[in-house]
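Participant: After the structure tokens below, expect a handful of questions from me.
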Amino acid sequence: MTATLERRESASIWGRFCDWVTSTENRLYIGWFGVLMIPTLLAATSVFIIAFIAAPPVDIDGIREPVSGSLLYGNNIISGAIIPTSAAIGLHFYPIWEAASVDEWLYNGGPYELIVLHFLLGVACYMGREWELSFRLGMRPWIAVAYLAPVAAATAVFLIYPIGQGSFSDGMPLGISGTFNFMIVFQAEHNILMHPFHMLGVAGVFGGSLFSAMHGSLVTSSLIRETTENESANAGYKFGQEEETYNIVAAHGYFGRLIFQYASFNNSRSLHFFLAAWPVAGIWFTASGISTMAFNLNGFNFNQSVVDSQGRVINTWAGIINRANLGMEVMHERNAHKFPLDLASVEAPAING
């Protein structure tokens, strides 16, 4: 009898836990994805803060020349970063227990792998939590689908690119100047500015900013006034009101006359779908571009391919970019190799005599 009561009590405790996790009445929805999201993001955030402040220098290139990234080792907020895991580790899974000591783990950049892998798992769970809450509230799943774009972008730079390049040392450093360094090196080695998917990503981000500004300004300019002239028009809105808060017909008419009729949406649902889909598609293209360039399917290279009828090279802006890429690559890992890989791979001319 006692055993039966204990089983019922334990079952009820588990049942109450399940109800609490999946309840939409909580101030913050937990969800089953949240059960995994919370510890992984807490771990990533905690290690990031500690490492950014106090981590010792990391031998990123695997040549016994450690690079400092933390505040206590001479950096500031701008120059500080979590230095990627050493090239000596490559793509090996490198938890603390795989190192001979904590000092060795820190020297080889173990915190970077820990932070990145926990972060990627955490943001993926956040996306799943968005879907889970939408499902329980009877909403459509497109919030999670839109969030998939930045998740894909983060996965591309922190996981897919290192896999393609053969080492976590090629991943993006976790810091401001480290991000810029990653961008410059990426341009030098892959010519990303000449990649169509990057161009589409730029169109998505800047186009999304433009469309959001246009939409917000049109809505703000065509509010249905519910207040007197002495009060702010914003005070006329009540949360949850059934009435329209702005006149879409007026906004449509204004923009249609400003550009042309069919440049303006007359369907609010189509308009907001477009506002969401445009930047999301752009970020997807960028993430796809990073993932393909990870395996060295690089941007266009018109290297001396534009010639006149006599075969003479016509200098173009593409040639200027190629020269800039070589210059940036010379400066990258300057102690690891003395020449750009593009030059070092060329066979030396034969010398007779």
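Even glycines carry a Cβ here, placed using N, Cα and C.
Swiss-Prot lists these features:
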| type | residues | note |
| --- | --- | --- |
| MOD_RES | THR2 | N-acetylthreonine |
| MOD_RES | THR2 | phosphothreonine |
| TRANSMEM | 29-46 | transmembrane segment |
| TRANSMEM | 118-133 | transmembrane segment |
| TRANSMEM | 142-156 | transmembrane segment |
| SITE | TYR161 | site 'Tyrosine radical intermediate' |
| BINDING | ASP170, GLU189, HIS332, GLU333, ASP342, ALA344 | [CaMn4O5] cluster binding site |
| SITE | HIS190 | site 'Stabilizes free radical intermediate' |
| TRANSMEM | 197-218 | transmembrane segment |
| BINDING | HIS198 | chlorophyll a PD1 binding site |
| BINDING | HIS215, SER264, PHE265 | quinone binding site |
| BINDING | HIS215, HIS272 | Fe cation binding site |
| TRANSMEM | 274-288 | transmembrane segment |
Participant: Max Cα distance spanning HIS215, SER264, PHE265 (quinone binders), Å?
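Facilitator: Taking every pair of listed residues, the largest Cα separation comes to 10 Å.
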Participant: Show me the subset of TYR161, HIS198, HIS272 whose Cα is within 10 Å of HIS215 (quinone binding site); these are the recorded positions I mean.
Facilitator: HIS272
Participant: For GLU189 ([CaMn4O5] cluster binding site) and HIS272 (Fe cation binding site), determine the Cα separation and express it in whole Å.
Facilitator: 38
Participant: Looking at the recorded positions HIS190, HIS215, HIS272, which one has the fewest other Cβ atoms within 10 Å of its own Cβ?
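Facilitator: The recorded positions HIS190, HIS215, HIS272 were compared, and HIS272 has the fewest Cβ atoms within 10 Å.
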Participant: Can you give me the residues near the recorded quinone site, meaning same chain, not HIS215, SER264, PHE265 themselves, Cβ no more than 8 Å from the center of the site's Cβ atoms?
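Facilitator: The surrounding set, listed in chain order, is MET214, LEU218, ALA251, HIS252, PHE255, LEU271.
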Participant: Which sequence positions outside the transmembrane segment (142-156), separated from its termini by at least 6 residues, show Cβ-Cβ distances below 8 Å to it?
Facilitator: 119-120, 123-124, 126-128, 130-131, 134, 276, 279-281, 283-284, 286-288, 290-291, 294
Participant: Take the Cβ of PHE265 (quinone binding site) and count every other Cβ within 10 Å, whichever protein chain it belongs to.
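Facilitator: If we count other Cβ atoms within 10 Å of PHE265 (quinone binding site), we arrive at 19.
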Participant: So, three-state DSSP: helix, strand or coil for SER264 (quinone binding site)?
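Facilitator: Assignment for SER264 (quinone binding site) reads coil.
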Participant: Taking 118-133, 197-218, 274-288 as candidates, which has the most Cβ pairs under 8 Å with the transmembrane segment (29-46)?
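Facilitator: If we count Cβ pairs closer than 8 Å to the transmembrane segment (29-46), 118-133 scores highest.
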Participant: Should anything in the same chain at least six residues away from the transmembrane segment (274-288) have a Cβ under 8 Å from its Cβ atoms, list it; otherwise answer none.
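Facilitator: The answer is 142, 145-146, 148-150, 152-153, 155-156, 197-198, 200-205, 207-208, 211-212, 215, 265.
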Participant: Can you give me the Cα-Cα distance between HIS332 ([CaMn4O5] cluster binding site) and HIS198 (chlorophyll a PD1 binding site) in Å, rounded to a whole number?
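Facilitator: Pair distance, Cα basis, whole Å: 22 Å.
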Participant: In DSSP terms, helix, strand or coil for HIS332 ([CaMn4O5] cluster binding site)?
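Facilitator: In the DSSP reduction, HIS332 ([CaMn4O5] cluster binding site) maps to coil.
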Participant: Cα-Cα separation of SER264 (quinone binding site) and HIS272 (Fe cation binding site), in Å?
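Facilitator: Distance (Cα to Cα, whole Å): 12 Å.
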Participant: I'd like the number of other C-beta atoms within 10 A of the C-beta of SER264 (quinone binding site), please.
Facilitator: 19
Participant: Between HIS272 (Fe cation binding site) and PHE265 (quinone binding site), find the distance joining the two CA atoms and give it rounded to the nearest Å.
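Facilitator: About 10 Å separate the Cα atoms of these two residues.
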